[in-house]
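Engineer: Let me give you the structure first, and then I'll get to my questions.
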Amino acid sequence: MRMDKLTSRFQQALADAQSLAVGRDHNIIEPVHVLAALLDQSGGSTRPLLSQAGVNVPLLRERLGEALDTLPKVSGQEGNLSIGNDLNRLLNQTDKLAQQHGDAFIASEWFVLAAADDASPLGVALRAAGGDKKKIEAAIDKLRGGETVQSENAEEQRQALEKYTIDLTARAESGKLDPVIGRDEEIRRTIQVLQRRTKNNPVLIGEPGVGKTAIVEGLAQRIINGEVPEGLRGKRVLSLDMGALIAGAKFRGEFEERLKAVLSDLSKNEGQIILFIDELHTMVGAGKADGAMDAGNMLKPALARGELHCIGATTLDEYRKYIEKDAALERRFQKVFVGEPTVEDTIAILRGLKERYAVHHGVEITDPAIVAAATLSNRYITDRQLPDKAIDLMDEAASRIRMEIDSKPEELDRLERRLIQLKIQREMLKKEKDDASRQRLADLETDIDKLEREFYDLNELWKSEKAALQGTTKVKEQIEHAKLELEAAQRRQDYAKMSEIQYGVLPQLEKQMALANEVEHHDFKLVQDRVTAEEIAEVVSRWTGIPVNKMLEGERDKLLRMEDELHHRVVGQNEAIKVVSDAVRRSRAGLSDPNRPSGSFLFLGPTGVGKTELCKALADFLFDSTEAMIRIDMSEFMEKHSVARLIGAPPGYVGYEEGGYLTEAVRRRPYSLILLDEVEKAHPDVFNILLQVLDDGRLTDGQGRTVDFRNTVIVMTSNLGSHQIQELSGDDSAEAYTQMKAAVMGVVQAHFRPEFINRLDDIVVFHPLDKAQIKSIARIQLQGLEKRLAERGLKLDLDDAALEVLGSVGFDPVYGARPLKRAIQSQVENPLAQQILSGQYLSGDSVRVRADGGRLVFTKD
């Protein structure tokens, strides 16, 4: 017999049989070796063939093992391996059967058929396991589907649907799919398209996360439950696994061969299978090589002839990018648009899924948590779609509660660490012999005993609480399983089983659940098993950095005392601080307009009066870090072409992929303070971009993505009108301030357009600084120097007279507080640096700074 006339699978089986014989020290290859090798082949057709023919495969394996054990062993004869007479005879019979059926290559199933009525030990083992020649022959006919073997790889192309698709109807039947709530209109539209005579291939198009795949799963569930028109009853929905189809296709044409086998199997089923291709755009260009056809082109004839009943799913962008370009492929599909569900629909979807997630995590998900997940995700997570983002919120919040249940509570952990510390101290004190150490040891023993009792009580409490929670989890799982069995019995119309579950098993389990709930108190001290709205808000805060969780008492007090906190860093400017504080309080109390930024201000005033410093202080107050402020120097945007840098370059320009300077910063940190410094120096076109930010709290970047500015505070600073402020300064009365503000506003209105000024929440005019305020600023600025000296082990001591000197030297009504910084450098830092370097001051010394005749004198204390 020519080996090249065997299929590749059969050749591989003979090679494996030879290897098996060598491993068992057999010098003759027998038929049992070959069948054992065929059964062990991964992805082979022998096992499913025998199972279909009613053969008990585990028993057959057992009998084959016994037959192999009875074969004689010969050691030291590994090179003298030969084919036995029984195997030779069987192979000839196999060749004969293949020729009778018109096969060009000999397939492994004819070997199994030849063995069925053979007198060899293999035939005996096969018949003992239930092998019958007629049944095996019928199974072969079903497996081959009337086709002959015309290629070496023919066996590998069999059962293509089992290998390269996932049966969604089977998953729905076994209860592995999540329930699909709502989406009735889209499912009805999909069924409507599937029922058409031609072009009966719907393609579901929608944004990522709106539930396109869920619609197909919903269709599979409806088919299983018989809730579909007559034309779709009994059909199967198979999902094409593109990964399995491409994986391992090493040679050119292998991918096409697999896809052809899938299409061939589908045509054999004569419309009884609906193929679901998720991410349909991957078919365009898949398997494409030089001059080769891609998968999309291979699908076209089958779609046109109606042999392929297909549902596609893809996103809007990818449909436009890949499918619309191929008009011949596009016309064979009928578009079904899947929109984002409303918040109310999302709440209904979450209520349907709640039970599955609660059972998986072993926690209780409350209804307020579901409402919070839908509303908060819609309000704060703007770059993703409902219901996906709301489901993720619920899932992560439940996961967090589960993790807290499984891990040791913080209180218990702290006690354990304290005990370890005390025990280490006890071991050290045992080595000491003096009376004081013995006394300390006795005190320590008392403390350890007390802590150990406390730890034991808490540990027992934790274990009992945890056990109570686990009890309810098991009952919930049993209820879920019983409901799935009830649905399966309903489909089979097994009324006896339905009655048993509905009136026996389920009431019993619900009674157990009620008892478990009585034991389980929700006011547990250490563990909490309920997901509430607070947990959902906590997850949103972690995702976005926006503080949407319930305010703690400490934070409320801090917000009420906000003006005092800001005055620690900004001297004077009461009006500006009040305006900014009110805006932040409105936002945190949830009273500000949800479709506009939390606050938008224009700070006006001469240089050095604290405009930028107030922004830094505000960022520090809100985010505990001045780094959280997005600072953009508007003098960088003086030219017209530089405006695009704020939102990103348009398509076709260099830097398109990088995104915008402003938009990318806000996308990464949606809760932030944006400082547009020296705004009057920017090109007028910048203000056109800012109009929609100030009005609608949104901005579209160069890539077409909408960036949310609703949680930002926007502050613009400007020196416009500083000349008028200087002229009218000196009078602290309210009338003088009103007159000054009117003069400044005249300059502002002449420079900025009315539509820009009209969109701002407030325009604040900063007061020029007086001598007393400069002295207070000097005290604040010297705190930084004191901190730096403290790192070197030195202490700084300045009296009021020295501060007066610094204030008078650093006071300049035109330049504000900036000359003060230079005065501190020249009067304090420079002489002090020289004296430290010369060794006059060492670590631990105190530096006294005193005034003497208008100059500062340094002495060591």
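Just so you know, the numbers here start at 1 and follow the chain as drawn.
Here the Cβ of each residue, glycine as well, is placed from N, Cα and C on the backbone.
Quick paste from Swiss-Prot:
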- GLY206, GLU207, PRO208, GLY209, VAL210, GLY211, LYS212, THR213: ATP 1 binding site (BINDING)
- GLY605, PRO606, THR607, GLY608, VAL609, GLY610, LYS611, THR612: ATP 2 binding site (BINDING)
- 391-523: coiled coil (COILED)
- 3-146: domain 'Clp R' (DOMAIN)
- 6-71: region 'Repeat 1' (REGION)
- 83-146: region 'Repeat 2' (REGION)
- 159-340: region 'NBD1' (REGION)
- 341-545: region 'Linker' (REGION)
- 555-768: region 'NBD2' (REGION)
- 769-861: region 'C-terminal' (REGION)
Engineer: Among 6-71, 159-340, 341-545, 555-768, which stretch has the most Cβ pairs under 8 Å to the region 'Repeat 2' (83-146)?
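Structural biologist: Most Cβ pairs under 8 Å with the region 'Repeat 2' (83-146) come from 6-71.
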Engineer: Based on DSSP, name the secondary structure state of VAL210 (ATP 1 binding site): helix, strand or coil.
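Structural biologist: Where VAL210 (ATP 1 binding site) sits, the three-state DSSP reduction gives coil.
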Engineer: With a radius of 8 angstroms around the mean position of the C-beta atoms of GLY605, PRO606, THR607, GLY608, VAL609, GLY610, LYS611, THR612, what other residues of the same chain does the ATP 2 site pick up?
Structural biologist: GLU613, THR717, ASN719, PHE766, GLY816, ALA817
Engineer: Could you round the CA separation between PRO208 (ATP 1 binding site) and THR612 (ATP 2 binding site) to a whole angstrom and send it over?
Structural biologist: 41
Engineer: Using all protein chains shown, find which of the binding-site residues VAL210, VAL609 scores highest when you count other CB atoms within 10 A of its CB.
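Structural biologist: When each Cβ's neighbours within 10 Å are tallied, VAL609 leads.
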Engineer: When the Cα-Cα distance from GLY211 (ATP 1 binding site) is computed for each of the binding-site residues GLY605, PRO606, THR607, GLY610, LYS611, which gives the smallest value?
Structural biologist: LYS611
Engineer: Given the model, what does the mean pLDDT over the coiled coil (391-523) come out as?
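Structural biologist: For the coiled coil (391-523), the model's average pLDDT rounds to 77.
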Engineer: How would DSSP class THR612 (ATP 2 binding site) in three states?
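Structural biologist: Assignment for THR612 (ATP 2 binding site) reads helix.
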Engineer: For the ATP 1 site given as GLY206, GLU207, PRO208, GLY209, VAL210, GLY211, LYS212, THR213, which other residues of the same chain have their Cβ within 8 Å of the site's Cβ centre?
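Structural biologist: My list of surrounding residues reads THR315, VAL338, GLN385, ASP388.
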Engineer: Quick check on the region 'Repeat 2' (83-146): DSSP residue counts for helix, strand, coil, in that order please.
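Structural biologist: When I sort the residues of the region 'Repeat 2' (83-146) into the three classes, I find 45 helix, 2 strand, 17 coil.
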Engineer: Let me make sure I understand the structure: which of the binding-site residues listed (PRO208, GLY209, PRO606, GLY608) has the fewest other Cβ atoms within 10 A of its Cβ?
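Structural biologist: Sparsest of the binding-site residues PRO208, GLY209, PRO606, GLY608 by Cβ contacts within 10 Å: PRO208.
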Engineer: Just how many other Cβ atoms lie inside 10 Å of the Cβ on THR607 (ATP 2 binding site)?
Structural biologist: 14
Engineer: Taking the Cβ of GLY605 (ATP 2 binding site) as the centre, count every other Cβ atom within 10 Å, in any protein chain shown.
Structural biologist: 25
Engineer: Across all protein chains in the structure, which of the binding-site residues GLY206, GLY211, GLY610 has the highest Cβ count within 10 Å?
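Structural biologist: It comes out as GLY211.
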Engineer: What residues, ordered by sequence, lie under 8 A Cβ-to-Cβ from GLU207 (ATP 1 binding site) and sit at least six positions away in the same chain?
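Structural biologist: Non-local contacts for GLU207 (ATP 1 binding site): THR315, LEU316, GLU340, GLN385.
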Engineer: Across all chains shown, how many C-beta atoms besides its own are within 10 angstroms of the C-beta of LYS611 (ATP 2 binding site)?
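Structural biologist: Summing over all protein chains shown, LYS611 (ATP 2 binding site) has 27 other Cβ atoms within 10 Å.
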Engineer: Starting from the Cβ of THR612 (ATP 2 binding site), draw a 10 Å sphere and report how many other Cβ atoms land inside it.
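Structural biologist: Within a 10 Å radius of the Cβ of THR612 (ATP 2 binding site) lie 18 other Cβ atoms.
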